Amino acid sequence: MSVMDEIVVTKPQARTSASLEKPSLIGMSREEMGAALREKGVAEKQIKMRVSQLWNWIYVRGVSDFDHMTNVAKDMREMLKQHFTIARPEIVEEQVSNDGTRKWLLRFPPRGAGRPVEIEAVYIPEEGRGTLCISSQVGCTLTCSFCHTGTQRLVRNLTAEEILSQLLLARDRLGDFPDREAPQGTIMPAEGRKVSNIVMMGMGEPLYNFDAVKQALLIATDGDGLSLSRRRVTLSTSGVVPEIFRTGEEIGVMLAISLHAVRDDLRDLLVPINKKYPLKELIEACRTYPGLSNARRITFEYVMLKDVNDSLEDAKGLIKLLKGVPAKINLIPFNPWPGTNYQCSDWEQIEKFADFINSAGYASPIRTPRGRDILAACGQLKSESERMRKTERLAFEAMMIANHGADD
């Protein structure tokens, strides 16, 4: 049996068009939810109680149908159904790799984009954790030369609802809400939550969609709802320097930097945002990241490109650049994609690079590709519909997911 023969592919029922026309309560803050209920005639003295009820049903119980809210009066449920939705996005396709990696192709309404848009989310299970990679934009404004996503133009930002919906849907499909059963024969953590960690490493630059990302992550880490630990949430940025401090101050999650080069001339080519925010400014922003300590290190992502950035001189430059910054360095074997001019570094060279960094006192794990058989590894993600149309690229760095964030 071939690798591809072992993949399970399903296409669940599409989301109804009626639900697309109503505003979703998902992604609203408590204040916004209260204002929405007030506008529909809910008595002022009931607002706080109703918001608390809805918050619990949506984020603790994980319901996607108002009729399942059994402690909410029937007339209230009818009003909610008439004016709002808590439906999940349409699942166009679900794929399950033989290593347990899952990839969902999700479809959202146009919202100014001219047509419905699609994004992909990836779940990677390990023995002690399950990590979900989430997107913040449809497409990307950055044009990183080694990244497949850079070949797709930015279509639009995702809303807080759409960012959170990726997490809610994944927990639905994995049986990760109370009184839900996990799919049979599924590889996932033996104990605890199925989705224990999330990483903002999907399509797009999250710090170019700061407000929606902030709202979604504050809800995801709310102790009375989804209750994810901030130490288990990692936001990855290519280096939008002005928003880095705000991320630590206002969101308080773990930070990852897509570094990939230690010289400005090379990083200008690989990660063009470096022309606007060069390495000196980026590293200084990292040094002042709120909450930074040896227990809350910044992860620096470094894709290994043959004869480009993989020499021992580059390794020495990396150690010098990060001196004094509590850091972990993720070395990522490059996944070639059609049309790229880059190659992955030889494995022997990657190991030499890693050994040098380790000898300097930095943790430098080499990320093992996951989900390659369903094109879910770094630089490989692209929807089936996009492959057929070949007009846009849906790709993002998912191979770096494993082991991001703290363990406690």
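Just so it is clear, glycine is given a Cβ too, placed from its N, Cα and C backbone atoms.
Feature annotations, courtesy of Swiss-Prot:
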| type | residues | note |
| --- | --- | --- |
| ACT_SITE | Glu120 | active site, proton acceptor |
| ACT_SITE | Cys378 | active site, S-methylcysteine intermediate |
| BINDING | Cys140, Cys144, Cys147 | [4Fe-4S] cluster binding site |
| BINDING | Gly204, Glu205, Ser236, Ser258, Leu259, His260, Asn335 | S-adenosyl-L-methionine binding site |
| DISULFID | Cys133-Cys378 | disulfide bond |
| DOMAIN | 126-375 | domain 'Radical SAM core' |
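Structure coloured by features recorded in Swiss-Prot.
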{"residue": "Glu120", "record": "active site, proton acceptor", "CB count, 10 Å": "26"}
{"residue": "Cys133", "record": "disulfide bond", "CB count, 10 Å": "30"}
{"residue": "Gly204", "record": "S-adenosyl-L-methionine binding site", "CB count, 10 Å": "27"}
{"residue": "Glu205", "record": "S-adenosyl-L-methionine binding site", "CB count, 10 Å": "25"}
{"residue": "Ser236", "record": "S-adenosyl-L-methionine binding site", "CB count, 10 Å": "25"}
{"residue": "Ser258", "record": "S-adenosyl-L-methionine binding site", "CB count, 10 Å": "26"}
{"residue": "Leu259", "record": "S-adenosyl-L-methionine binding site", "CB count, 10 Å": "29"}
{"residue": "His260", "record": "S-adenosyl-L-methionine binding site", "CB count, 10 Å": "26"}
{"residue": "Asn335", "record": "S-adenosyl-L-methionine binding site", "CB count, 10 Å": "23"}
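You'll find the Cα of the residue listed as 'active site, proton acceptor' roughly 9 Å from the Cα of Cys133 (disulfide bond). For the S-adenosyl-L-methionine site listed in the record, the two most distant Cα atoms among Gly204, Glu205, Ser236, Ser258, Leu259, His260, Asn335 lie 20 Å apart. DSSP gives Leu259 (S-adenosyl-L-methionine binding site) a coil state; it is part of no helix or strand. On a Cα basis, Leu259 (S-adenosyl-L-methionine binding site) lies 19 Å away from Cys133 (disulfide bond).
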